[in-house]
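Now, the feature entries from Swiss-Prot:
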BINDING   Asp244, Asp255, Glu419  Mn(2+) 2 binding site
BINDING   Asp255, His335, Glu380, Glu419  Mn(2+) 1 binding site
Amino acid sequence: MDQLAHHYRAHIAELNRRVAEILSREALSGLVIHSGQPHRMFLDDINYPFKANPHFKAWLPVLDNPNCWLVVNGRDKPQLIFYRPVDFWHKVSDVPDMFWTEYFDIKLLTKADKVAEFLPTDIANWAYLGEHLDVAEVLGFTSRNPDAVMSYLHYHRTTKTEYELECMRRANQIAVQGHLAAKNAFYNGASEFEIQQHYLSAVGQSENEVPYGNIIALNQNAAILHYTALEHQSPAKRLSFLIDAGASYFGYASDITRTYAFEKNRFDELITAMNKAQLELIDMMRPGVRYPDLHLATHAKVAQMLLDFDLATGDAQGLVDQGITSAFFPHGLGHMLGLQVHDVGGFSHDERGTHIAAPEAHPFLRCTRILAPNQVLTMEPGLYIIDTLLNELKQDSRGQQINWQTVDELRPFGGIRIEDNVIVHQDRNENMTRELGLTD
C-alpha cells in the first residue's frame, strides 16, 4: 500500500481544492455526501446488494457500508461519519484502520436516524450529494444535488489523480487474471456458468463485488450486446467465446473484453483483423483528439473489414454513409472509466455541464469529449451478426450490398468485441490491459 498511500495525500488535496472552488462559486458552506442506504426488496425482508454513492467512494474506499456520511468544505479536515450499529444479526464493519484514515476526523454513528446530531448546525447552507432526497429533505437540506456542483464535479472526475490511476491499474491487473482463467476454461470445454465461476475465483471477487454483470457468451450468444444469462450446459459444438468482464479495486473499475475462436477459421482471422484495428485506433489517441473522430475512424475500419471478409460489396465510405457499418457495429467505441464503469463527464464540454451530444448518426456513443492527459477510456470496437439489425438492411436496397451467404456462415459465431482500458498521457498512451498481461 506504500505507493497508494504516497499518492493518496495528493488525491485528497485535489478533491479538497475542487470542493473549495465550487463552494466559493456557489456561496455554499460545504458538501455532505451520503454513502447511501439499503434498498429492501418488495414485500421481503432482504436488501438488494448495496452500492456506495460514487461521490462518496471518490474520497475513500468504504464500499460496503451504508448510512455513512462525509462532511467536507475544502478547508478543514474532512469528517467521516462511519456507521457502526450494535447488531447481532449482521456483520458490523470494523472501525477503519488503513493508510487513508489519518486524513479524516472519524465519528462513529450507532443509529442511522441520529445522524443529524453529527451534521453542521447551519445545514440549510450545505449541499446534500446522494440518492436519498427524502432523507435530505427531512434533515433540512434545501440544496440537494445542485446542478452547478454536480456538473463541476463530473467534469473534473474525468481527470484522474495518480492515486486513481494506480487503483485502476490494479483493477486491470486483477481482471487480467480472471480473463486468463476464463480463456483456459473455454478451451477446456466449460459451460458459460462454469467459465463464470473460474473467472470469479481467479479475481477473488463475488458477483456483487465486480463492477458490472459479466458477459460470458458462447457461440451465437456473443451477438447479444448485453448478454448476462449463463447457460449451464455446454453447447454441442463449441465455436466462439466472448467475455466482457472487469474487476474492482478500492471502488475503481476495469472493463475488459476479449473474443476467441475455438478453431482456426475465417472467424479467427476476423478476430485477428479486429485486434489489429483496435491497436491502430489506440495509437490514434492523444491529447486534443476528439473522441467522436476515433469512433468515425472505427466505422471506416469496420467497413474495410466487411469488404475484406466478403461480408459486403461497394466502397468503404459508402458503407459508412449508408449506415451499413452501424448494422454490424451498433454501439459506441468506448466510454470514460473510473469510479463507475460508464463514468460521468463523457458529454461535458465544460465545468458548467454544457452537453456535447453524440452525432445524430451514432446515438449510442457514450463520449464526445476532447481527449486530455490523465483521462481513462475504454476502446472496444466490435463486429456482430445481429439479425434484428441486418433485417433492416434487407428492407431496402442496402441489402443488395450484403453477402448473405457469408453472414449465414458467421452467424453461429455471434460476434467480436475487443476492449482495453487506456490512460491518455501527455506524450504516450498507457494500455493498462495489455501492459499488465492480456496481450491477445
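Using the three backbone atoms N, Cα and C, a Cβ is placed for every residue, glycine included.
Distribution of Swiss-Prot features across the structure.
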residue	record	Cβ contacts under 8 Å, 6 or more apart
Asp244	Mn(2+) 2 binding site	Asn214, Ile215, Asp255, Ile256, Thr257, Arg417, Glu419
His335	Mn(2+) 1 binding site	Val341, His342, Asp343, Gly346, Arg366, Cys367, Leu377, Thr378
Glu380	Mn(2+) 1 binding site	Thr257, Gln278, His331, Leu333, Gly334, Arg417, Ile418, Glu419, Asp420
Number of other Cβ atoms within 10 Å of the Cβ of Asp255 (Mn(2+) 2 binding site) across all protein chains: 26
